[in-house]
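Peer 1: Dropping the structure in here first, questions after.
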Amino acid sequence: MRGTDEKYGLPPQPDSDRMTRRTLPVLGLAHELITPTLRQMADRLDPHMRPVVSYHLGWSDERGRPVNNNCGKAIRPALVFVAAEAAGADPHSAIPGAVSVELVHNFSLVHDDLMDRDEHRRHRPTVWALWGDAMALLAGDAMLSLAHEVLLDCDSPHVGAALRAISEATRELIRGQAADTAFESRTDVALDECLKMAEGKTAALMAASAEVGALLAGAPRSVREALVAYGRHIGLAFQLVDDLLGIWGRPEITGKPVYSDLRSRKKTLPVTWTVAHGGSAGRRLAAWLVDETGSQTASDDELAAVAELIECGGGRRWASAEARRHVTQGIDMVARIGIPDRPAAELQDLAHYIVDRQA
């Protein structure tokens, strides 16, 4: 029987392995651990900015009324906690690091929505769509500032190293986002460039999440390096799956319009691979990408035909296989260092969740 995963270009998995059908315990625990401190940090903001950040984080509606909304997956905080546990520490000791990476991640989302002019995230209007460009910029900046503050408030002797890891990852994230933006006006984006962009835009913060957890736990260098490599691999897998969902994801699950990435003519990984290796389908896709006459006005039927070009050219299957290859490599990296059974299993679960998710 064909599984749901095939709909997204992913090989069917046994029902017992479909982690996208349930919330991983480690993700639920991550939410529980970071929320009190995350709220305390948001309370430091001024009365103009606090409700905007509260809305984006899923705690309130646009009028400031409390809601229990989808506030994200918490994959990066979970990775901080599991990395700390893998190094033999109590996960609670890594709360400042987990809150920090979650704030950096959300800073990037608010700015990304603004730059892409995306009007919906997590089934709600985005910050810029409600409050305008200026407030969206400031909300993102505010969360980035809080990401530094929460670490500086920590009394760990490893705060300096953790803060450096966060800052370097943020710089890499900005580099990747800048490349992604530059690609919009180019017609000759190479696959290697697209992969380098994904390493900065997505994988850098995943790797830093693992590194921060290990640093705050005082892990030896060999453990830190293995966890960082794991984070980088699952970060690339995450971006590959994100790109698949940006074309074939179901709007009622992703919270974004159908064919959202194609409508914006984004040079995503499956698109770029198809252009380079997809034969006649790739050539037709390349011609469509440079044809600006229908930009932003393409019908769903036209976009469905473009998605079919990517399918026929092999981009969908390549992205799926590449995501699973990175997951396997990431798991192999941590298997070599002999960490305790529970965090080892949690790292495997996180990796498989990333490729099996539907949003």
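Glycine is treated like the rest: Cβ placed from N, Cα and C.
Features from Swiss-Prot:
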REGION    1-21  region 'Disordered'
BINDING   LYS73, ARG76, HIS105, ARG122  isopentenyl diphosphate binding site
MOTIF     112-116  motif 'DDXXD motif'
BINDING   ASP112, ASP116  Mg(2+) 1 binding site
BINDING   ASP112, ASP116  Mg(2+) 2 binding site
BINDING   ARG121, LYS201, THR202, GLN239, LYS256, LYS266  (2E)-geranyl diphosphate binding site
MOTIF     242-246  motif 'DDXXD motif'
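Each of the listed features needs to be described in terms of its position in the shown structure.
Peer 2: Around the Cβ of LYS73 (isopentenyl diphosphate binding site), a 10 Å sphere holds 19 further Cβ atoms from the protein chains shown.
If you look at the motif 'DDXXD motif' (112-116), the same-chain residues 6 or more away from its ends with a CB under 8 A from one of its CBs are 126-129, 133, 136-137, 140, 177, 181, 264.
Sequence-distant contacts (6 or more apart, same chain, Cβ under 8 Å) of ASP112 (Mg(2+) 1 binding site) comprise ASP118, GLN177.
For the recorded site, ASP112 (Mg(2+) 1 binding site), the DSSP three-state label reads helix.
DSSP gives ARG121 ((2E)-geranyl diphosphate binding site) a strand state. Long-range Cβ neighbours of ARG121 ((2E)-geranyl diphosphate binding site) (same chain, at least 6 residues apart, Cβ-Cβ under 8 Å): LEU109, ASP113, GLY255, LYS256.
For the motif 'DDXXD motif' (242-246), the number of residues in each DSSP class (helix H, G, I; strand E, B; coil) is 5 helix, 0 strand, 0 coil.
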Peer 1: Using a Cβ cut-off of under 8 Å, list the residues of the same chain at least 6 residues beyond the motif 'DDXXD motif' (242-246) that approach it.
Peer 2: 8-10, 202, 254, 256, 260-262, 266, 268-271, 316, 319-320, 323, 358-359
Peer 1: To the nearest Å, how far is the Cα of HIS105 (isopentenyl diphosphate binding site) from the Cα of LYS201 ((2E)-geranyl diphosphate binding site)?
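Peer 2: So the alpha carbons of HIS105 (isopentenyl diphosphate binding site) and LYS201 ((2E)-geranyl diphosphate binding site) sit roughly 10 Å from each other.
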Peer 1: State the mean pLDDT for the motif 'DDXXD motif' (242-246).
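Peer 2: For the motif 'DDXXD motif' (242-246), the model's average pLDDT rounds to 95.
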Peer 1: Note down the number of other Cβ atoms within 10 Å of the Cβ of ARG76 (isopentenyl diphosphate binding site), including every protein chain shown.
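Peer 2: Taking all protein chains shown, ARG76 (isopentenyl diphosphate binding site) has 28 Cβ neighbours within 10 Å.
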Peer 1: Which one of the binding-site residues (ARG122, LYS201, LYS266) has its C-beta surrounded by the most other C-beta atoms within 10 angstroms?
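Peer 2: Top count of Cβ atoms within 10 Å goes to LYS201.
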Peer 1: If the isopentenyl diphosphate site is taken as the center of the Cβ atoms of LYS73, ARG76, HIS105, ARG122, which further residues of that chain fall within 8 Å of it by their Cβ?
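Peer 2: Neighbours found: GLY72, ALA74, ILE75, GLU102, ASN106, LEU109.
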Peer 1: Max Cα-Cα distance in Å among ARG121, LYS201, THR202, GLN239, LYS256, LYS266, the residues listed as binding (2E)-geranyl diphosphate?
Peer 2: 19
